[in-house]
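**Student:** First the structure, then my questions, so here it is.
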Amino acid sequence: MKFGIVARRDKEAALKLAYRVYDFLKVSGYEVYVDTDTYKYLPEFHEEDVLPLEDFDVDFIIVIGGDGTILRVEHKTKKEIPLLGINMGTLGFLTEVEPHEAFFALSKLIEGDYHIDERIKLRTYLNGENVVPDALNEVAILTGIPGKIIHLRYYIDEGLADEIRADGLIVSTPTGSTGYAMSAGGPFVDPRLDVIVIAPLAPIALSSRPMIVPSYTKIDVRNLAVTREIILAIDGQFYTYLEPETEITIRLSPRKTKFVRFTNEVYPKYTMKIKRKF
């Protein structure tokens, strides 16, 4: 069994726990690799065990950090490697255990006492080409000039859904429904559902409301303000400016994100975290 370890780089406690996990797994006889960025911030790992995250070819990745760290890992890994998240962030919607549970969780993982939770992702096409990362949380189409609204028209399976003047449009998975989409007025969606949330961001018209559509839906977005650039943001990890005439299409990705889970609990785990968030 082979493991990869990635830690939140700006938190000393996360880096120290990463080394303890690394040492525990090495002493237990497993192959263990550490990503290059973690090594830069804590160069105590054996150099021969250091690899770029993109080159990880392991059975599991232990992610020690918050949701942002998990999203960074998910964007950089090329394979669908199951992730075990140890929470060193604020709320940790995507993580599975707290730091004091880390070694108990590792023991259960080694013993095979776990299950895999698969989450859908979204794929974005720009003028018909997929040149940007898949989204685990959301695809956000945002105004390129703060304080200036954008004029968007979006279609669902070729049919006109709405035309909005707003700060942007968020297209979210159930996983991302507790993030940016919820701040835009979207609902909490049970992560076991295969649906997509579409949420206008601060629209002028109060009739432009969030909606939920099936995951197999094709969503096309057009920028009607032909002189104004827009920003495409994916999971808060990837950003790019788009020319005004860019045709944006969002569909279900063939890839999924896999998480190691030790229980099937959804409630009250998520609802309590939402209460703490707001």
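The backbone N, Cα and C atoms fix where each Cβ goes, and this holds for glycine too.
For reference, Swiss-Prot lists these features for the protein:
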- Asp67: active site, proton acceptor (ACT_SITE)
- 67-68, Arg72, 137-138, Lys148, Arg165, Asp167, 178-183, Ala202, Gln237: NAD(+) binding site (BINDING)
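Each of the listed features needs to be described in terms of its position in the shown structure.
**Tutor:** Under the three-state DSSP scheme, Asp67 (active site, proton acceptor) falls in the helix class. Its Cβ placed at the centre, Asp67 (active site, proton acceptor) has 25 other Cβ atoms within 10 Å.
Around the Cβ of Tyr180 (NAD(+) binding site), a 10 Å sphere holds 22 further Cβ atoms from the protein chains shown.
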**Student:** Looking at Cβ-Cβ distances, which residues of the chain lie under 8 angstroms from Arg165 (NAD(+) binding site) while being 6 or more apart from it?
**Tutor:** Ile149, Ile150, His151, Leu152, Pro203, Ile204, Ala205
**Student:** Sort Ala202 (NAD(+) binding site) into helix, strand or coil using the DSSP assignment.
**Tutor:** coil
**Student:** Which Cβ among the binding-site residues (Glu138, Thr178, Met182, Ala202) has the fewest C-beta neighbours inside 10 Å?
**Tutor:** Ala202
**Student:** Measuring Cα to Cα, how far is Ala202 (NAD(+) binding site) from Asp67 (active site, proton acceptor) in Å?
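**Tutor:** Rounded to a whole number, the Cα-Cα distance is 25 Å.
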